[in-house]
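Here is what TrEMBL records for this protein:
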type	residues	note
BINDING	Asn94, Tyr97, Glu98, Cys152, Thr187, Asn239, Arg244, Ser255, Ile256, Lys257	Mo-molybdopterin binding site
DOMAIN	113-273	domain 'Oxidoreductase molybdopterin-binding'
Amino acid sequence: MHFHKKPSWDKLKDSDVTPESVFNDRRRILKQMGFLGAGALLSSNANAGIFDLFGDKKETQQFIRSDLPYTQNIEYDSVLNGGLTPESKITSHNNFYEFGTSKQDPAENSQGFDVDPWQLVIEGEVEHPLRLNLDDLTHLIALEERTYRLRCVEAWSMVVPWVGFPLASLLKKAGVKSNATHVAFETLFDPEQMPGQKSRLMGGGIHYPYVEGLTINEAMNDLSFLALGLYGKTLPPQNGAPIRLVVPWKYGFKSIKSIVRIRVMDRQPPTSWNQLASNEYGFYANVNPNVDHPRWSQATERRIGEGGLFSARRINTQMFNGYGEQVANLYQGLDLKRHF
Ligand SMILES: Nc1nc2c(c(=O)[nH]1)N[C@H]1C(S)=C(S)[C@@H](COP(=O)(O)O)O[C@H]1N2
Ligand SMILES: [Mo]
């Protein structure tokens, strides 16, 4: 991996990477065999046993190897996902303006990003403020894998197998007070490590640190996820190491990376893209094919990593990115054209 100082929980070599074809194949076969039902939760050990059926010891070990001990949550492995986006695409086509604004910049410019030591604080309207280091983050709450679709506001999308835990589990540990209405998130501010924070041009005009926010009900929804890894390994810097938010029914910019602060609040916090251009990026930013961006349509999206440069697959964008069953109730009575 790419940390300056390797944290003790980062033991994988690049050669250990599990090819996504194996990943996809195992799942398909397990589904056919009836092992993967809706809501089923398989432990890594259970997986190991099942995979032994395939007899290919080496591949089996590759599949279950992980520097993050996690279980696979099949509930989110929906057919709507399509195949997983190749790991090489997920880690080379990024938005992380702290490291530059082009899609290749984050992978190139974040390789020396040092996340050890790290501190994440949970504070504000909570009973027990928390200060967590890397070790706490990996051990406080049982890790699970969830495959989510990620839809960027720029009309491209991916399918990513994240490893992490529900945001609600962490907020419950801190004890949310009854007057809480919102949750604010903040990315690390460290211009020495993040060149985009030094130069207004390189950083895309964003006022740093990058900040985001959710309503308390959005934050407590089971889909809201804090990821520490993808494809079974600790997050690479360009994807938001060591911990980032994943809110799969909202445009990607809500899924804030490299978080150092989570503040429970009694009012709506400011958010970076909304501050930059409030007519283009709202606070809610729910994926919505019926509300176009002022400069482009949101009706369809390009699936990264499918087809070649000139034949990339375009698919219809779904309301709430296909997660309406889980989240539509959060917005009852809200005019989504006005509150975009
Ligand atoms: N701190 C920070 N978080 C960020 C961004 C950013 O520039 N800075 N970009 C956002 C955008 S626009 C998207 S689409 C996703 C991209 O996540 P990925 O690179 O892991 O695909 O990260 C989001 N989180
Ligand atoms: Mo995005």
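Cβ coordinates are placed from backbone N, Cα and C, and glycine is handled just like the others.
Packing around Ile256 (Mo-molybdopterin binding site) is summarised by its Cβ count: 25 other Cβ atoms lie within 10 angstroms of its Cβ, all protein chains included. Across the residues the record lists as binding Mo-molybdopterin (Asn94, Tyr97, Glu98, Cys152, Thr187, Asn239, Arg244, Ser255, Ile256, Lys257), the two Cα atoms farthest apart are 19 Å from each other.
Cβ packing within 10 Å was compared across the binding-site residues Glu98, Thr187, and the lowest neighbour count falls to Thr187. In the three-state DSSP assignment, the secondary structure recorded for Arg244 (Mo-molybdopterin binding site) is strand. In this structure, Thr187 (Mo-molybdopterin binding site) is part of a beta strand by DSSP. All protein chains shown were included, and the count of other CB atoms within 10 Å of the CB of Asn94 (Mo-molybdopterin binding site) stands at 24.
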